[in-house]
Amino acid sequence: MAFSPLVDELVESLRCLPGVGQKTAQRMAFHLLERGRSGGTRLAAALNHAMDGVRRCDSCQNFSDTEICQICEKPERRNGTLCVVESPSDLLAIEQAGDYKGSYFVLMGHLSPIDGVGPEEIGIERLLDRVRREGVTELILATNPTVEGEATAHYIADRLDGQNILITRLAHGIPVGGELGYVDGFTLTHAFRGRKPLSE
């Protein structure tokens, strides 16, 4: 590139973000340098602060700036229900829906032997220990409806077989307002298998 090494370094650094290629990184860098210097300074400070201060909650593995996150600190959330998700963004989506009032465990991934991700890399033993220690009565497996997410859910369920815990899986199916002609076969199959009486 025909720019300063500092500009090149900024562009390369921005490329670490998901979905950001060379051109997008250049546009971002040029915007920050041309018109957004105060925003760029705030962004740099916030990044430094977050990278230094954000850790994983000791209880659920979600992002937190304290040993125990705000959700795990609330006694009313420890109601015997534990929801297992793959990522903090999944937890956030459930929280924003506003209906679930239990606690969480964030795997920070899913099983993927091809990528070298086994049970120990995503904290399965920590999850199983927590389930037993806290007397969880219902475990909601809210992993994504992908091959890896399904495999992860089945692995966890198999490990807890015979433990007298209700193990549930989030329903999969047709989105509200969706049309059958646009739904993929995998989703349609799950919708048929998870159908319920109309009276419910």
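Any Cβ shown, glycine's included, is placed from N, Cα and C.
Source: prediction; values computed, not measured.
Per DSSP, the domain 'Toprim' (80-175) is made up of 36 helix, 19 strand, 41 coil. Taken from Swiss-Prot, the feature domain 'Toprim' covers 80-175, and the record attributes it to sequence analysis.
Outside the zinc finger (57-72) by six or more residues, the chain places 88, 91, 95, 103-108, 123, 126, 130 with a CB less than 8 A from a CB of the stretch. For 57-72, the entry in Swiss-Prot reads zinc finger.
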Would you mind giving the whole-number mean pLDDT across the zinc finger (57-72)? 96
